[in-house]
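Here's what Swiss-Prot has on this protein:
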- 49: active site (ACT_SITE)
- 52, 91, 493, 530: ATP binding site (BINDING)
- 94, 95, 96, 97, 116, 240, 312, 313, 314, 533: substrate binding site (BINDING)
- 95: active site, proton acceptor (ACT_SITE)
- 117, 268: Mg(2+) 2 binding site (BINDING)
């Protein structure tokens, strides 16, 4: 006997996240009351997570093209040409809400999902990165969330067999009720063997691949498009459950299948599951899709059409198959022990038709499920400008040596070794620069060429001045890639914001995108993929605006990649870039002086490019022994990191024309520290002058301590103890 679907009522519509005007739009579009299954389909396809209804208008203004861009936004992942017939495929995506509800599985399936986005394009994953934001350390849930998220990321990546090579982790009370878990994956493919999601051909079979479908993750995308209240625990069933070993089998089976020529189009079943993947493939190819859900492999009995369509069970793919190669394709998946089921076909009707148990459960216009989704030009208000804080107006509460010692043992600046040692960053044997440097560096194959990878954002800058913060997020990623000697090539972004229905939040979003676009254009650093995560809000309070940037650069010879560690005594230490001593929104002002205030440091994009290009040439010419960009904590923290990494001390001096605490801890942008031999230092200084690059000698390496002239020397061993001690002590509940 056919099951009875619930009646579509205003309450049911509201529970699906659809506003009254959006429901009226559905009625006008299809000319009738939708079935329960159709309501679920619209809810999935028109939610913020899938439709980008609040952000699409502004995303269009971002720069996405360059001669080396093969595929920009709109596919599973972005693709760039990296030479020698190879392409780099990469994307960053959020799994914020699920990771707060169930940190281990939420983070693990975030990794699994982004890996599928990459290998769906025909690329073999070679690296993962992440960007994590947790609440205040003293918040009662923070330890639990850190522990679960880190374990989930490590478990999935390690089991799947891809190294997690880099990331960025910080803490702030603004994330108490909404943590951020942004996962990035990078893969390598032949540039002429990229696979896309666009279906072609009428009557071609649609094939379900991978794991069986269960009830986990139903309405995961809808949940990710809503603000959190106090009922987060009740949403636990919306969190997917991952199996990295099955995903590894799926990877190998898909790559083998792609070599047979059987694949016409392929799409990961991610957010909104079977619904989204089927609709996207059909709509991109201007084709209809007809599904027979009786053929869907299920691991639970009695699943309804609604449940099968909206399940976000992991490790699943949907493919349009060349009908002449069905037997060959099936044999591949049988060999790998995975499901292979023909569940439908392409049609010329431009309709999305779903059948189950002899009934038509859905019959909808396929293009309108995506193209007719609401598109909002939401009201937005620019953030008020904050005044510049002069360093001379700040009374230092500690000596500069004391402030440095304090900063190195703070949650944001301390070593994250406790985190990255839970990730296998060597599993493929391709890691050249391991976690802890400016950017991760991996070797490609047996040759000298490599990739540099980084994730960056400074939310306190974005909150104080969204445009400047957006510029800085991109500039910081570009600078980190440059600091290891890479040529920055492209960006993936992950835009994490609060409720876009609030004009001040939408203003943050628009401002950050303005700054991001300006920086990407100025630095020739196009955006090729990304993700938007809105409604990161709990109890009416949004998170700090966090537009995460994932950067990818190419290194011609990884043997020349620069490292941040001081290598030997007697080297000259040179500071590249102008230093005014900018303390507004600095960690010194926040963690030493107890103030979050002032305008953030401006980013002069012309100076950023000029200084970075100069540093990259120094690295290529092998003129420097160590390089480090200057960011959080300023010059003194960067020097300490270089000294601790190499076990070599330094003696450095501030100029008389900048207040000392501003010189050591100001977060002025576009700056690097380089170390070079004394005999080369004069040549570097002269070359900088010719290039119009500010460069000054501030000291030399040597000894077992870091000495800021006029201050007590601090032993490197003491700095390291503070730097390495905070996070393990915190996680052991010793603080």
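For all residues, glycine too, the Cβ spot is worked out from N, Cα and C.
Quick caveat, the model's predicted, so the values are computed rather than measured.
Annotated features, which come from Swiss-Prot, shown on the structure.
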| residue | record | DSSP class |
| --- | --- | --- |
| 49 | active site | helix |
| 91 | ATP binding site | strand |
| 96 | substrate binding site | helix |
| 116 | substrate binding site | helix |
| 268 | Mg(2+) 2 binding site | strand |
| 312 | substrate binding site | coil |
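Using a 10 Å radius centred on the Cβ of residue 94 (substrate binding site) and all shown protein chains, the other Cβ atoms total 26. Same-chain neighbours of the ATP site beyond 52, 91, 493, 530, judged by a C-beta within 8 angstroms of the site's C-beta center, are, in sequence order, 59, 73, 92, 93, 492, 494, 495, 527, 529, 531, 532. Within 10 Å of residue 117 (Mg(2+) 2 binding site), as judged by C-alpha distances, the recorded positions found are 91; the full candidate list was 91, 95, 530.
Around the Cβ of residue 268 (Mg(2+) 2 binding site), 29 further Cβ atoms fall within 10 Å across all displayed protein chains. Using a 10 Å radius centred on the Cβ of residue 314 (substrate binding site) and all shown protein chains, the other Cβ atoms total 29.
Checked against residue 91 (ATP binding site), the recorded positions 49, 116, 312, 314 differ in C-alpha distance, with 116 being the nearest.
DSSP assigns residue 493 (ATP binding site) to a strand. Close to residue 95 (active site, proton acceptor) in the fold, though at least 6 residues off in sequence, lie 106, 107, 109, 110, 113, 181, 182, 183, each with a CB less than 8 Å from its CB. The recorded positions in question are 49, 91, 312, and the one with the fewest Cβ neighbours inside 10 Å is 49. Ranked by Cβ neighbours within 10 A across all protein chains shown, the binding-site residues 117, 493 are led by 493. Rounded to a whole number, the C-alpha distance linking residue 94 (substrate binding site) with residue 52 (ATP binding site) is 14 angstrom.
Residue 314 (substrate binding site) sits 22 Å from residue 52 (ATP binding site), counting Cα to Cα.
Closest in space to residue 312 (substrate binding site), of the recorded positions given as 49, 268, 493, 530, is 268, taking the CA atom of each residue.
Its Cβ taken as reference, residue 52 (ATP binding site) is surrounded by 18 other Cβ atoms within 10 Å in the chains shown.
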